[in-house]
């Protein structure tokens, strides 16, 4: 053992001296290994900081209190998770039952001090109308409330007529010293004495003051902050028995086993998420190993003479391997530590930039040391694995040939291409099997397929380089020289190409998975009306609504929509079927996106109505002008007469009024989107059914409706009526968490692609210095040498990118099956569509190939790399030892 350790100490000392002697090459090696570690570390730090766990959210939800207890009228018993926001449900409800009193809650808690807190809606009048504001009533001077709001200017309120607002509300026209104009008439407007940011709300209006200052709408709920001893799980269960939900600091920090009733609501990660995680881990492992491979291959080539001298002096093959592996330990260890340290700093710098794109506050800056220890160990292990093949080759080199200065690679064997083809075929087969599996095992099949495919690709790279060199005869001299030189020196070129291919394969696979997942979300999103159109709905004076819209959006076209309004406090059901004896339903889903599910018109269709082609629209307008009604269908039913039954439920009566039934001439119009109305009646048909006709909405079009326009109109309408709402259809919009994840992955991929390609190319060019020096000696101009260096980068980049795209397609397409396939009985309907009936039809899989990304990988990235290499390569190189 002592002898073995002594051998490693000597090898590590030699490796350290060699690294210090060849600083340029060592720096490139460090970059090659540290780059993935840095990128993964930064991504992990950002994602961990963005993700706010239940434990991290305690201070922003509880302040300095030990717990918060909430009771609600009509709830007799509660079943909850340790964090009630994750899962809670009521067991038994009685609308007439009173909630637990403050004294009852205090008794069950052991009589601690309770601080009442109220949260709810506190609408505020603004210059444009009314802003929906989150109000908090609590004594902000109380020690238990410390941390709920962060004061940025002014002071905290001392009396019931004083409040603080956040910057988002101040931006709507308020300042310190102003009276806060509450929308509720008859209320005393409090005075703003400070600007304070909520610990939970970032970019929406918020206001806070003492209890009674805002008269927030709590809808029968009462809450208290507990200032006392920690609240254990046993006490939480006792409070649940009286209908109280409890957020306890002690329980969240040390959660008990979940009750059986709650476990069903907190299921483990689904198979598709596990599939993506497994794929990311596998591709990262392969990528880091292949990125580090060129570094040690070139390092072993540069050490070839020293290793040959050691072998000629009696060194054994294990000792030779140990020297190369020691270089991996030294450089891999330093690179891993350096990558983690710089990655933490990069993550810290990225957090404020990404915070601006999120509507909620990130958690505290978090360095997941356990994760990063694994990442550092992962980098060191990858360096060792990457050095295994170069170490083995170095231990088997021809000592005489190396000492004589002869270079070049052996003729490629047929075994590698055959084995590579077999592995590639196994990868395709494994991906096909994994894509058809409905359980988690499919994820492991796809991960295994990714490994097999990439290994097969690596074994096929020498054959591909030979084919490229043979096909390069028609290329210009620089490209032809680079292609043939790459095939001749496969030992240095294969790792570089494989590193680029692994990088591209990982990015392509993840790109296909993300693009397909977003394609599914977009395909299953049902718009309410045409994109870019806005609709105002809600009971009230539509003439006033129209004036407000035109005031806020000058130049907009505002058109009233007539329809059948809903009775005040009641409900009106309009059933439309075919007039035959079977009475077939015409629609599986419809909605009230225009203010009612039954509209009325004598000619024009409402602006923004979806699902109609040009011919159907003309037929519908002609029918309405002719006095007939238009009914929509998505079931393929065609009829010229429909049976319409109207039943009205009034608020003053529990029974329905007498039904009105009529057979009316109609035109059935097929639609493809089920979020619109079920029919557009003519005025005569509405009269025959004794239906009231009134404006039920406004369409807003004729100009580009920005989010600022939408916000301004919403505030203006809110100032006129609480019932009015304004919706602008913008199509499917990815949520902020998805956008941040995509940005992190895109940045991670870009850093790995560009950095990996450049570093691998520079390492290969470092090994090719004797060839470039020979070109200089025989009269090649600096421009020609720079051109050859750039051409070499193009060959490495394009060949690697093309191979990576092909290999990335295998797991990328396969993962879309479990990721985007859903079972039946699902339905996705846009906001405001109202009604939806499950069809029982499975959807998916969805496949979306990010061709623009692939074009950038195959064309833009290699050309950019070539420009950088051409500009950075030395114009004049010293003549090195001649080849013999």
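Any Cβ shown, glycine's included, is placed from N, Cα and C.
Nonlocal intrachain contacts for the region 'Disordered' (80-105), taken as residues 6+ away from its ends with a CB within less than 8 angstroms of a stretch CB, comprise 54, 69, 71-74, 114, 116, 220-222, 224, 233, 236, 239-240, 242-248, 251-252, 255-256, 258, 261-262, 265-266. Taken from TrEMBL, the feature region 'Disordered' covers 80-105.
Per TrEMBL, the feature transmembrane segment maps to 273-300 (among others).
Taken from TrEMBL, the feature domain 'ABC3 transporter permease C-terminal' applies to 279-397 (among others).
Annotated transmembrane segment per TrEMBL: 323-349 (among others), in sequence order.
Annotation source TrEMBL lists transmembrane segment at 369-393 (among others).
Summarising the annotation, TrEMBL assigns transmembrane segment to 414-433 (among others). Here the transmembrane segment (414-433) has Cβ contacts under 8 Å with residues 442, 445-446, 448-460, 462-463, 807, 810-811, 813-814 of the same chain, all six or more residues outside its ends.
Positions annotated as transmembrane segment by TrEMBL: 445-472 (among others). For the transmembrane segment (445-472), the list of distant contacts is 275, 278-279, 281-283, 286, 290, 412, 416-417, 419-431, 433-435, 437, 479-480, 483-484, 486-488, 490, 493-494, 497-498, 501-502, 505, 509, 795, 799, 803-804, 806-807, 810-811, 814-815, 818: same-chain residues at least six beyond its ends, Cβ to Cβ under 8 Å.
As annotated by TrEMBL, transmembrane segment applies to 493-515 (among others).
According to TrEMBL, the feature transmembrane segment maps to 743-766 (among others).
Annotation comment: TrEMBL describes 744-874 (among others) as domain 'ABC3 transporter permease C-terminal'.
Using a Cβ-Cβ cut-off under 8 Å and counting only residues 6 or more beyond its ends in the same chain, the transmembrane segment (787-810) has close neighbours at 424, 427-428, 431, 449-450, 453-454, 457, 460-461, 464-465, 468, 478-479, 481-483, 485-486, 493, 496-509, 511-512, 757, 760-761, 764-765, 768, 772, 775, 780, 854, 857-859, 861-863, 865-870, 873. The transmembrane segment feature in TrEMBL is assigned to 787-810 (among others).
The annotation transmembrane segment is assigned in TrEMBL to 849-873 (among others).
Residue counts for the domain 'ABC3 transporter permease C-terminal' (279-397) by DSSP state, with H, G and I taken as helix and E and B as strand, are 99 helix, 1 strand, 19 coil.
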